[in-house]
Amino acid sequence: MSKRYAVVLAAGQGTRMKSKLYKVLHPVCGKPMVEHVVDQISTLDVDKVVTIVGHGAEKVQEHLAGKSEFVKQDEQLGTAHAVLQAKSELAGKDGVTLVVCGDTPLIEASTMEALLKYHHEKRAKATILTTVIEDPTGYGRIIRDDLGIVEKIVEHKDATEKEQRISEINTGTYCFDNKALFEALENVSNDNVQGEYYLPDVIKILKDADEVVAAYKMESFEESLGVNDRIALAEASKLMQRRINENHMRNGVTLVNPENTYIDIDVKIGQDTVIEPGVMLRGKTVIGDDCVVTSGSEIVSSVIGERVHVRNSSIFESKVGDDVQIGPYAHLRPESDIHNHVKIGNYVETKKAVVGEGTKLPHFIYMGDAEIGKNVNVGCGSIAVNYDGKNKAKTIIGDNVFVGCNSNLIAPVKVGDRAFIAAGSTITKDVPEDALGIARAKQDNKLGYAKHLNHGK
């Protein structure tokens, strides 16, 4: 098999996005759109990927580190000029080169593989990826002769009335014989209104040289959708989300209302898990089998075990074991580690907290910078007081401890195994194993005093 190369065009300014963020770095379902493109290419057994960068080059290189080589296009002088910048990496090499736009996040590896195969079968010097749409306004048209052979690409503004009625369009993705590509690029002129060097002119140069130029027609226009503004970004995200959600459903996940469920592309979900409407699953979240995530929940870059029930809660960068109950209205902040058979009830917040197996935090609790053992019960209103205004300190609670309601554990503090903290206590010293910790003022009842307070009739 001949060598395969790919050039990804990612140097455009994206002025229509009206954004400080470099255009191709705008995310589509949790991943920058240029990374979608490069990740699809990387599955094609390509020998080298070269990404043409311009504005914001450093940020693009950070996202694609290890996935691509990079060449800078200092001046944006057109698509042919952009590809020519890869001359130092690819010129003179035998093989075929894919040219793909970095703002087409929906293009799939299977389509590019089919394009490569068709190019090889036709023994072409260039093959254009085309598609048919109902309204081709604004797109370059594919002009074929009576035998269906490609003659040229005509831009919409240059097309005759007859040519404008053609519905087959140029998607902007190509496959070239590598040597023929770079030889032709040297002859592309900028003799046009914009004064730019256009890649479709390479097709004309090759045709004039009597080389074979083919066109592979794909079925779906969606894959060729280019993102140039926020409206197109929203459309691409919608289409990508549908693709992601349908893939999960095919793999045994129930999405009660897929049109109202947001799932990033790198999320993994086990079989027989049920995701209700209004759920957002972001980042590299992994959810096991037989879980239920109810409406209003958000889970970000977290690992969730099996048979976990998350009710209307938020989980960020945390780990949850098996058979755990979370919520409603719980908030697991980063670095929470919840072990098996734990209950995290309503209005409970954890942060950098390890919660041991079988422990219950039923309601209205804050545990930050805490290490909690097995089979602990923490009563309503209890707090691990971890911050003194300058420094954070740790609370350690042993196994089989009972913490009564409305207790304050002033860190740093350690509560030993099987200890009992009396309700309403403010614990400032370590509590030994098997001890009762009680720290509150003695109650004093002043008989008859309430009559002088006028608090009731």
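Just so it is clear, glycine is given a Cβ too, placed from its N, Cα and C backbone atoms.
Swiss-Prot annotations:
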| type | residues | note |
| --- | --- | --- |
| REGION | 1-230 | region 'Pyrophosphorylase' |
| BINDING | 9-12, Lys23, Gln73, 78-79, Gly140, Glu155, Asn170, Asn228, Arg333, Lys351, Tyr366, Asn377 | UDP-N-acetyl-alpha-D-glucosamine binding site |
| BINDING | Asp103, Asn228 | Mg(2+) binding site |
| REGION | 231-251 | region 'Linker' |
| REGION | 252-457 | region 'N-acetyltransferase' |
| ACT_SITE | His363 | active site, proton acceptor |
| BINDING | Asn386, Tyr387, Ala423, Arg440 | acetyl-CoA binding site |
Counts by DSSP class (helix H/G/I, strand E/B, coil) across the region 'Linker' (231-251):
20 helix, 0 strand, 1 coil
Restricting to the same chain and to residues at least six past its boundaries, which positions have a Cβ under 8 Å from a Cβ of the region 'Linker' (231-251)?
17, 26, 28-29, 33, 36, 105-106, 222, 225, 258, 261-265, 267, 269, 271
Given Ala11 (UDP-N-acetyl-alpha-D-glucosamine binding site) and Asn228 (Mg(2+) binding site), what distance in Å do their CA atoms have, once rounded to a whole number?
13
Do you know offhand how many angstrom separate Asp103 (Mg(2+) binding site) and Asn170 (UDP-N-acetyl-alpha-D-glucosamine binding site) by C-alpha?
15
Cα-Cα, whole number of Å: Asn228 (Mg(2+) binding site) versus Leu9 (UDP-N-acetyl-alpha-D-glucosamine binding site)?
13
Cβ-Cβ neighbours of Ala423 (acetyl-CoA binding site) (radius 10 Å):
16
